[in-house]
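> Quick one: the structure is below, questions incoming.
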Amino acid sequence: MQKRRTVKESTKIRNGKGMDSGEKKRSEKRLMKFEELPRYLKDNEFIHNHYRCEWSIKETFLSAFSWHNETLNIWTHLCGFAIFTWMMVVSSMETTELGLAGFVSLLSGATIRWPWPSMAMSKDVYFSSDQTLHHDLNVTHTRSLLNSQGDVNYEAIPKWPWLVFLTGAMGCLICSSMSHLFACHSRRFNLFFWRLDYAGISLMIVCSFFAPIYYAFSCHTYWRLFYLSSISILGLLAIFTLLSPSLSAPRFRSFRAALFLTMGFSGVIPATHVLYLHKDHPNVLIALVYELAMAVLYATGAAFYVTRIPERWKPGAFDIAGHSHQIFHVFVVLGALAHSVASLLIMDFRRASPSCAF
(Lines of atoms letter the chains of each structure in order from A and count residues from 1; the text may use other names and numbers.)
(Lines give C-alpha, C1' and ligand atoms only; values in the text may rest on other atoms or scores of the structure.)
Protein backbone atom coordinates (compact mmCIF):
# COMPACT_ATOMS: atom_id res chain seq x y z
CA MET A 1 0.00 0.00 0.00
CA GLN A 2 2.79 2.38 0.94
CA LYS A 3 4.67 1.45 -2.25
CA ARG A 4 1.61 2.18 -4.40
CA ARG A 5 1.24 5.62 -2.76
CA THR A 6 4.92 6.36 -3.38
CA VAL A 7 4.61 5.40 -7.06
CA LYS A 8 1.51 7.61 -7.38
CA GLU A 9 3.26 10.61 -5.84
CA SER A 10 6.32 10.03 -8.07
CA THR A 11 4.05 10.03 -11.12
CA LYS A 12 2.53 13.35 -10.02
CA ILE A 13 5.98 14.86 -9.62
CA ARG A 14 7.05 13.69 -13.10
CA ASN A 15 3.90 15.25 -14.52
CA GLY A 16 4.63 18.54 -12.79
CA LYS A 17 1.83 18.07 -10.29
CA GLY A 18 3.82 17.54 -7.16
CA MET A 19 2.46 18.60 -3.81
CA ASP A 20 4.72 21.63 -3.44
CA SER A 21 4.52 23.99 -0.50
CA GLY A 22 2.27 26.39 -2.43
CA GLU A 23 -0.29 23.66 -3.11
CA LYS A 24 -0.26 22.61 0.53
CA LYS A 25 -0.82 26.20 1.62
CA ARG A 26 -3.69 26.63 -0.83
CA SER A 27 -5.30 23.42 0.33
CA GLU A 28 -4.93 24.40 3.98
CA LYS A 29 -6.35 27.90 3.49
CA ARG A 30 -5.00 29.19 6.75
CA LEU A 31 -3.61 32.52 7.84
CA MET A 32 0.15 32.44 8.23
CA LYS A 33 2.93 34.16 10.12
CA PHE A 34 5.44 36.50 8.48
CA GLU A 35 8.34 34.05 8.80
CA GLU A 36 6.33 31.33 6.98
CA LEU A 37 5.80 33.43 3.85
CA PRO A 38 7.70 33.03 0.59
CA ARG A 39 10.09 35.87 -0.04
CA TYR A 40 7.92 37.69 -2.59
CA LEU A 41 5.13 38.13 -0.01
CA LYS A 42 7.40 39.51 2.71
CA ASP A 43 6.85 43.26 2.73
CA ASN A 44 6.37 44.54 6.29
CA GLU A 45 8.23 42.73 9.04
CA PHE A 46 6.34 44.71 11.69
CA ILE A 47 3.09 42.93 10.79
CA HIS A 48 3.55 39.47 12.26
CA ASN A 49 0.39 37.47 11.60
CA HIS A 50 -2.83 36.99 9.61
CA TYR A 51 -1.26 36.64 6.15
CA ARG A 52 -2.98 34.87 3.25
CA CYS A 53 -0.57 32.86 1.13
CA GLU A 54 -1.21 31.33 -2.28
CA TRP A 55 -4.89 30.62 -1.83
CA SER A 56 -7.02 29.72 -4.85
CA ILE A 57 -8.56 32.59 -6.79
CA LYS A 58 -12.02 31.78 -5.44
CA GLU A 59 -10.81 31.65 -1.84
CA THR A 60 -8.79 34.81 -2.35
CA PHE A 61 -11.86 36.63 -3.69
CA LEU A 62 -14.04 35.44 -0.82
CA SER A 63 -11.40 36.55 1.67
CA ALA A 64 -12.58 40.12 1.06
CA PHE A 65 -15.41 39.23 3.43
CA SER A 66 -13.25 37.79 6.21
CA TRP A 67 -10.70 39.23 8.61
CA HIS A 68 -6.98 39.24 7.81
CA ASN A 69 -4.27 41.90 7.65
CA GLU A 70 -5.42 43.15 4.21
CA THR A 71 -9.16 43.41 4.91
CA LEU A 72 -9.18 47.10 5.77
CA ASN A 73 -6.70 47.87 2.98
CA ILE A 74 -9.23 46.38 0.55
CA TRP A 75 -12.28 48.11 1.97
CA THR A 76 -10.87 51.59 2.63
CA HIS A 77 -10.25 52.07 -1.08
CA LEU A 78 -13.30 50.07 -2.13
CA CYS A 79 -15.46 52.50 -0.14
CA GLY A 80 -13.58 55.38 -1.76
CA PHE A 81 -14.29 53.82 -5.15
CA ALA A 82 -18.00 53.71 -4.29
CA ILE A 83 -17.97 57.41 -3.37
CA PHE A 84 -16.35 58.45 -6.65
CA THR A 85 -18.60 56.10 -8.62
CA TRP A 86 -21.60 57.90 -7.13
CA MET A 87 -20.05 61.23 -8.10
CA MET A 88 -19.49 59.94 -11.63
CA VAL A 89 -23.11 58.78 -11.97
CA VAL A 90 -24.45 62.07 -10.63
CA SER A 91 -22.11 64.13 -12.82
CA SER A 92 -23.14 62.21 -15.93
CA MET A 93 -26.80 63.16 -15.54
CA GLU A 94 -27.86 65.92 -17.92
CA THR A 95 -29.82 67.77 -15.25
CA THR A 96 -26.98 67.84 -12.72
CA GLU A 97 -25.58 71.27 -11.88
CA LEU A 98 -21.86 70.64 -11.67
CA GLY A 99 -20.02 72.71 -9.12
CA LEU A 100 -19.72 72.63 -5.35
CA ALA A 101 -23.18 74.03 -4.63
CA GLY A 102 -24.73 71.52 -7.01
CA PHE A 103 -23.27 68.61 -5.06
CA VAL A 104 -24.20 70.22 -1.73
CA SER A 105 -27.78 70.48 -2.98
CA LEU A 106 -27.84 66.76 -3.79
CA LEU A 107 -26.58 65.87 -0.33
CA SER A 108 -28.86 68.30 1.52
CA GLY A 109 -31.99 67.91 -0.56
CA ALA A 110 -31.89 71.57 -1.54
CA THR A 111 -32.83 72.87 -4.96
CA ILE A 112 -30.25 75.07 -6.61
CA ARG A 113 -30.57 77.01 -9.81
CA TRP A 114 -27.71 79.08 -11.02
CA PRO A 115 -27.61 82.72 -12.12
CA TRP A 116 -26.08 81.77 -15.46
CA PRO A 117 -26.69 79.17 -18.16
CA SER A 118 -24.61 76.06 -17.59
CA MET A 119 -24.40 72.39 -18.39
CA ALA A 120 -27.64 71.80 -16.54
CA MET A 121 -31.12 72.81 -17.63
CA SER A 122 -31.84 75.62 -15.17
CA LYS A 123 -31.64 79.34 -15.96
CA ASP A 124 -33.58 80.86 -13.06
CA VAL A 125 -31.99 82.21 -9.93
CA TYR A 126 -32.85 80.96 -6.49
CA PHE A 127 -31.56 78.87 -3.66
CA SER A 128 -34.29 77.01 -1.79
CA SER A 129 -33.43 75.28 1.44
CA ASP A 130 -34.72 76.07 4.90
CA GLN A 131 -32.31 73.64 6.52
CA THR A 132 -28.81 73.91 5.16
CA LEU A 133 -28.47 76.61 2.51
CA HIS A 134 -29.42 80.12 3.66
CA HIS A 135 -28.07 82.26 0.89
CA ASP A 136 -29.94 85.08 -0.87
CA LEU A 137 -29.07 86.14 -4.38
CA ASN A 138 -29.83 89.48 -5.94
CA VAL A 139 -31.87 88.67 -9.04
CA THR A 140 -31.54 92.15 -10.48
CA HIS A 141 -27.75 92.00 -10.28
CA THR A 142 -27.78 88.55 -11.85
CA ARG A 143 -29.84 89.68 -14.81
CA SER A 144 -27.59 92.65 -15.39
CA LEU A 145 -24.60 90.30 -15.27
CA LEU A 146 -26.15 88.07 -17.92
CA ASN A 147 -27.06 91.05 -20.07
CA SER A 148 -23.53 92.41 -19.86
CA GLN A 149 -22.06 89.07 -20.90
CA GLY A 150 -24.49 88.42 -23.73
CA ASP A 151 -25.13 84.92 -24.96
CA VAL A 152 -23.04 82.31 -23.24
CA ASN A 153 -21.57 79.42 -25.18
CA TYR A 154 -22.53 76.17 -23.47
CA GLU A 155 -19.45 74.52 -24.98
CA ALA A 156 -17.22 76.80 -22.89
CA ILE A 157 -17.90 74.76 -19.74
CA PRO A 158 -17.64 71.09 -20.71
CA LYS A 159 -17.95 68.22 -18.28
CA TRP A 160 -15.18 66.03 -19.63
CA PRO A 161 -12.22 67.43 -17.57
CA TRP A 162 -14.15 66.75 -14.36
CA LEU A 163 -15.10 63.28 -15.58
CA VAL A 164 -11.44 62.59 -16.42
CA PHE A 165 -10.53 63.26 -12.78
CA LEU A 166 -13.33 61.03 -11.50
CA THR A 167 -12.25 58.25 -13.87
CA GLY A 168 -8.66 58.51 -12.65
CA ALA A 169 -9.72 58.42 -9.00
CA MET A 170 -12.00 55.43 -9.58
CA GLY A 171 -9.27 53.62 -11.52
CA CYS A 172 -6.68 54.18 -8.82
CA LEU A 173 -8.94 53.10 -5.96
CA ILE A 174 -10.28 49.95 -7.63
CA CYS A 175 -6.78 48.91 -8.77
CA SER A 176 -5.55 49.37 -5.20
CA SER A 177 -8.39 47.31 -3.74
CA MET A 178 -7.92 44.51 -6.27
CA SER A 179 -4.17 44.49 -5.67
CA HIS A 180 -4.56 44.07 -1.93
CA LEU A 181 -7.13 41.35 -2.54
CA PHE A 182 -5.39 39.23 -5.20
CA ALA A 183 -1.63 39.87 -4.85
CA CYS A 184 -1.30 37.01 -2.36
CA HIS A 185 -2.54 34.39 -4.87
CA SER A 186 0.77 33.70 -6.60
CA ARG A 187 4.08 35.25 -7.52
CA ARG A 188 2.75 36.07 -11.00
CA PHE A 189 -0.35 37.77 -9.57
CA ASN A 190 1.78 39.60 -7.03
CA LEU A 191 4.01 41.15 -9.67
CA PHE A 192 1.11 42.02 -11.98
CA PHE A 193 -1.19 43.59 -9.40
CA TRP A 194 1.41 45.71 -7.62
CA ARG A 195 2.57 47.13 -10.93
CA LEU A 196 -1.09 47.80 -11.74
CA ASP A 197 -1.46 49.52 -8.38
CA TYR A 198 1.48 51.87 -9.02
CA ALA A 199 0.19 52.64 -12.51
CA GLY A 200 -3.20 53.46 -10.98
CA ILE A 201 -1.64 55.94 -8.58
CA SER A 202 0.19 57.65 -11.44
CA LEU A 203 -3.06 57.72 -13.43
CA MET A 204 -4.97 59.43 -10.63
CA ILE A 205 -2.26 62.06 -10.14
CA VAL A 206 -2.27 62.92 -13.85
CA CYS A 207 -6.07 62.94 -14.09
CA SER A 208 -6.29 65.17 -11.00
CA PHE A 209 -4.66 68.00 -12.95
CA PHE A 210 -7.19 68.06 -15.77
CA ALA A 211 -10.21 69.69 -14.13
CA PRO A 212 -8.53 72.57 -12.25
CA ILE A 213 -6.08 73.39 -15.04
CA TYR A 214 -8.66 73.16 -17.81
CA TYR A 215 -11.17 75.41 -16.03
CA ALA A 216 -8.67 77.83 -14.50
CA PHE A 217 -6.82 78.30 -17.79
CA SER A 218 -9.83 78.14 -20.12
CA CYS A 219 -9.02 81.61 -21.40
CA HIS A 220 -5.27 80.88 -21.68
CA THR A 221 -5.10 78.09 -24.23
CA TYR A 222 -1.30 77.96 -24.50
CA TRP A 223 -0.74 77.57 -20.75
CA ARG A 224 -3.54 75.04 -20.47
CA LEU A 225 -1.98 72.89 -23.18
CA PHE A 226 1.51 73.29 -21.71
CA TYR A 227 0.56 72.24 -18.17
CA LEU A 228 -1.66 69.34 -19.21
CA SER A 229 0.95 68.04 -21.66
CA SER A 230 3.73 68.33 -19.09
CA ILE A 231 1.94 66.39 -16.35
CA SER A 232 0.76 63.76 -18.86
CA ILE A 233 4.32 63.16 -20.06
CA LEU A 234 5.58 63.04 -16.47
CA GLY A 235 2.86 60.53 -15.60
CA LEU A 236 3.71 58.28 -18.54
CA LEU A 237 7.38 58.33 -17.58
CA ALA A 238 6.45 57.40 -14.01
CA ILE A 239 4.27 54.51 -15.20
CA PHE A 240 6.98 53.12 -17.49
CA THR A 241 9.54 53.47 -14.67
CA LEU A 242 7.34 51.64 -12.17
CA LEU A 243 6.61 48.82 -14.62
CA SER A 244 10.12 47.57 -13.91
CA PRO A 245 9.76 44.46 -11.70
CA SER A 246 12.75 45.46 -9.58
CA LEU A 247 11.11 48.74 -8.56
CA SER A 248 8.15 46.81 -7.14
CA ALA A 249 10.40 45.43 -4.41
CA PRO A 250 9.83 46.60 -0.81
CA ARG A 251 13.26 48.25 -0.64
CA PHE A 252 12.11 50.84 -3.23
CA ARG A 253 9.19 52.01 -1.08
CA SER A 254 10.81 55.38 -0.39
CA PHE A 255 11.65 55.87 -4.07
CA ARG A 256 8.05 55.21 -5.11
CA ALA A 257 6.70 57.60 -2.49
CA ALA A 258 9.18 60.29 -3.58
CA LEU A 259 8.21 59.82 -7.24
CA PHE A 260 4.49 60.17 -6.52
CA LEU A 261 5.04 63.20 -4.29
CA THR A 262 7.19 64.84 -6.96
CA MET A 263 4.39 64.38 -9.48
CA GLY A 264 1.84 65.78 -7.06
CA PHE A 265 3.88 68.77 -5.93
CA SER A 266 4.64 69.71 -9.53
CA GLY A 267 1.18 71.27 -9.29
CA VAL A 268 2.68 74.09 -7.23
CA ILE A 269 3.77 75.80 -10.47
CA PRO A 270 0.34 76.00 -12.16
CA ALA A 271 -1.27 76.79 -8.77
CA THR A 272 1.01 79.80 -8.37
CA HIS A 273 0.18 80.86 -11.92
CA VAL A 274 -3.57 80.57 -11.20
CA LEU A 275 -3.14 82.67 -8.07
CA TYR A 276 -1.40 85.37 -10.11
CA LEU A 277 -4.14 85.39 -12.77
CA HIS A 278 -7.21 85.15 -10.55
CA LYS A 279 -6.18 86.44 -7.13
CA ASP A 280 -9.27 88.67 -6.96
CA HIS A 281 -11.73 85.78 -7.26
CA PRO A 282 -12.77 84.28 -3.88
CA ASN A 283 -13.63 80.87 -5.34
CA VAL A 284 -10.12 80.51 -6.72
CA LEU A 285 -8.52 81.46 -3.41
CA ILE A 286 -10.69 79.00 -1.48
CA ALA A 287 -9.96 76.30 -4.07
CA LEU A 288 -6.24 76.81 -3.56
CA VAL A 289 -6.73 76.35 0.19
CA TYR A 290 -8.38 73.00 -0.52
CA GLU A 291 -5.53 72.09 -2.86
CA LEU A 292 -3.10 72.88 -0.05
CA ALA A 293 -5.15 70.64 2.24
CA MET A 294 -4.95 67.91 -0.40
CA ALA A 295 -1.16 68.23 -0.53
CA VAL A 296 -0.89 68.01 3.27
CA LEU A 297 -3.16 64.95 3.35
CA TYR A 298 -1.22 63.15 0.62
CA ALA A 299 2.14 64.01 2.20
CA THR A 300 0.96 62.84 5.62
CA GLY A 301 -0.28 59.58 4.14
CA ALA A 302 3.03 59.08 2.34
CA ALA A 303 4.89 59.66 5.61
CA PHE A 304 2.92 56.85 7.26
CA TYR A 305 3.55 54.65 4.20
CA VAL A 306 7.33 55.13 4.32
CA THR A 307 7.93 55.13 8.09
CA ARG A 308 5.55 52.23 8.89
CA ILE A 309 4.25 53.97 11.94
CA PRO A 310 2.60 52.88 14.25
CA GLU A 311 3.39 49.14 13.76
CA ARG A 312 7.09 49.96 13.94
CA TRP A 313 6.58 51.10 17.52
CA LYS A 314 4.73 47.95 18.59
CA PRO A 315 5.24 45.09 16.11
CA GLY A 316 2.34 42.65 15.96
CA ALA A 317 -0.13 44.95 17.70
CA PHE A 318 -1.59 46.45 14.50
CA ASP A 319 -1.75 43.36 12.30
CA ILE A 320 -5.51 43.55 11.70
CA ALA A 321 -6.34 47.22 12.17
CA GLY A 322 -4.48 50.49 12.54
CA HIS A 323 -1.27 49.79 10.63
CA SER A 324 0.41 52.36 8.40
CA HIS A 325 -0.90 51.22 5.03
CA GLN A 326 -4.50 51.44 6.19
CA ILE A 327 -3.86 54.96 7.49
CA PHE A 328 -2.20 55.81 4.18
CA HIS A 329 -5.32 54.64 2.32
CA VAL A 330 -7.59 56.85 4.42
CA PHE A 331 -5.42 59.90 3.74
CA VAL A 332 -5.47 59.14 0.00
CA VAL A 333 -9.28 59.12 -0.06
CA LEU A 334 -9.46 62.31 2.03
CA GLY A 335 -6.90 63.99 -0.24
CA ALA A 336 -8.90 63.04 -3.33
CA LEU A 337 -12.08 64.42 -1.75
CA ALA A 338 -10.31 67.69 -0.89
CA HIS A 339 -9.20 67.93 -4.51
CA SER A 340 -12.79 67.28 -5.60
CA VAL A 341 -13.99 70.29 -3.61
CA ALA A 342 -11.22 72.45 -5.10
CA SER A 343 -12.13 71.36 -8.63
CA LEU A 344 -15.83 72.06 -8.07
CA LEU A 345 -15.01 75.54 -6.76
CA ILE A 346 -12.94 76.25 -9.87
CA MET A 347 -15.88 75.07 -11.97
CA ASP A 348 -18.17 77.48 -10.11
CA PHE A 349 -15.70 80.26 -10.84
CA ARG A 350 -15.54 79.37 -14.52
CA ARG A 351 -19.31 79.17 -14.84
CA ALA A 352 -19.60 82.63 -13.30
CA SER A 353 -17.19 84.02 -15.93
CA PRO A 354 -17.85 81.92 -19.04
CA SER A 355 -16.97 84.66 -21.51
CA CYS A 356 -13.44 85.26 -20.11
CA ALA A 357 -14.42 88.83 -19.23
CA PHE A 358 -12.16 89.32 -16.23
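Even glycines carry a Cβ here, placed using N, Cα and C.
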> Can you tell me if Swiss-Prot, going by its topological domain labels, places His220 on the same membrane side as Asp348?
yes
> Counting Cβ pairs closer than 8 Å, which of 71-91, 162-182, 225-245, 257-277, 284-304 has the most of them with the transmembrane segment (327-347)?
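Highest pair count goes to 284-304.
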> Given a Cβ distance threshold of under 8 angstroms, which distant residues of the chain, six or more beyond its ends, lie next to the topological domain 'Cytoplasmic' (246-256)?
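Same-chain contacts beyond the flanks: 42-44, 191, 194-195, 198, 305-306.
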> Where else in the chain does the topological domain 'Extracellular' (220-224) make close Cβ contacts, counting only residues six or more beyond its ends and a cut-off under 8 Å?
213-214, 270, 273, 277
> Could you count the residues of the topological domain 'Cytoplasmic' (183-198) that DSSP puts in helix, in strand and in coil?
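Helix, strand and coil residues of the topological domain 'Cytoplasmic' (183-198) number 12 helix, 0 strand, 4 coil.
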> Helix, strand, coil: count each for the residues of the topological domain 'Extracellular' (220-224), based on DSSP.
4 helix, 0 strand, 1 coil
